[in-house]
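Presented below is the structure to which this report refers.
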Amino acid sequence: MNIGIVNDLPLAVEAMRRAIARRPEHRVLWVATDGAQAVELCAAQPPDVVLMDLIMPKFDGIEATRRIMRSERPCAILIVTSCIGANAWRVFEAMGAGALDAVDTPRLGDGAAGDTTKLLLAKIDQIGRLLDAPGGTRLAGTAARAGGGPLIAIGASAGGPGALASILGGLPADFSAPIVIVQHVDRAFAEGMAQWLDGQTPLAVRVAREGDRPQPGVALLAATDDHLRITRAGTLEYTREPAATPYRPSVDVFFNSLTEHWPGRVIGVLLTGMGRDGAIGLKALRMKGYHTIAQDEATSAVYGMPKAAATLGAARAILPLGRIAGELAALARI
């Protein structure tokens with residue numbers, strides 16, 4: 001893959017160069033030392049993936065990510081910055097603007113076997129699989145049983161944190177439907193993202209744990225690199241299968257499990273994101289007679305997943321982000 005590096009620290013740039021050089025299939029296409037230069041280079045020489053720092057001159061990595069993803073030639077962006085934990089709120093803002101993931105900057109003396117070098121290369125490989133993926137998982141075929149209350153099932157990827165904050169923040173405090181969210185996010189950030197989202201809404205937001213049951217007025221966030229499913233008993237479980245999918249956790253896997261096992265109504269929502277994950281699952285939900293919503297192009301940070309859903313006819317409604325919370329509140333009262 002062709003890789004762009006955006007970082008104003010020479011030692012950090014050199015550490016990333018050395019890590020990338022260990023993979024003959026990767027090469028550094030260019031290096032930008034500030035956000036403005038990164039935007040210009042992405043337009044002139046689009047790379048396959050950008051390794052974006054957060055704190056830089058002129059404008060920071062969040063603003064650079066936002067401008068790149070809104071441009072005519074958006075690029076896949078991986079946040080690579082020092083001390084991810086201390087910069088968690090910046091990471092979530094960047095992911096809300098369209099970044100796919102985040103990882104600590106590799107250490108210069110790490111060597112080939114160093115943890116930070118291996119983790120960076122693993123993240124780059126994961127993004128490569130995402131870019132190459134044809135998308136989709138197999139449709140489930142078992143009918144859902146009648147009865148029970150509505151479950152709000154939301155899938156999101158790049159740009160998702162900001163979209164989720166907007167929707168959850170727009171729901172009333174007495175919103176009584178259970179919510180389950182599958183966001184493409186590394187398990188290292190899931191707990192922090194749940195806490196961050198919890199501060200954006202009057203509802204309770206926490207990570208989904210094995211054996212949890214969806215609770216009225218509570219939003220549960222998938223929290224591991226495994227897939228989340230609903231079981232026949234109505235509890236949540238994590239599973240490694242299907243192992244081949246590049247999306248972990250997969251929105252399709254969760255949506256399809258609802259068509260098999262959820263006993264009541266489902267309202268499926270597919271938000272901004274790169275690729276096609278969730279489109280086939282949303283189609284399966286609609287074919288079962290459930291209400292389905294996809295975010296529109298104008299308000300999506302990355303119009304990939306909702307576009308795939310629209311192409312398949314999976315969405316009963318295609319809505320701007322600002323209208324989705326109101327639609328959910330109205331549908332949950334029916």
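The backbone N, Cα and C atoms fix where each Cβ goes, and this holds for glycine too.
Annotated features in Swiss-Prot:
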{"type": "DOMAIN", "residues": "2-120", "note": "domain 'Response regulatory'"}
{"type": "MOD_RES", "residues": "D53", "note": "4-aspartylphosphate"}
{"type": "DOMAIN", "residues": "145-334", "note": "domain 'CheB-type methylesterase'"}
{"type": "ACT_SITE", "residues": "S157", "note": "active site"}
{"type": "ACT_SITE", "residues": "H184", "note": "active site"}
{"type": "ACT_SITE", "residues": "D277", "note": "active site"}
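For the active-site residues listed here (H184, D277), the lowest count of other CB atoms within 10 A around the CB belongs to H184. DSSP assignment over the domain 'Response regulatory' (2-120) gives 51 helix, 25 strand, 43 coil. For the domain 'Response regulatory' (2-120), the predicted model reports an average pLDDT of 90.
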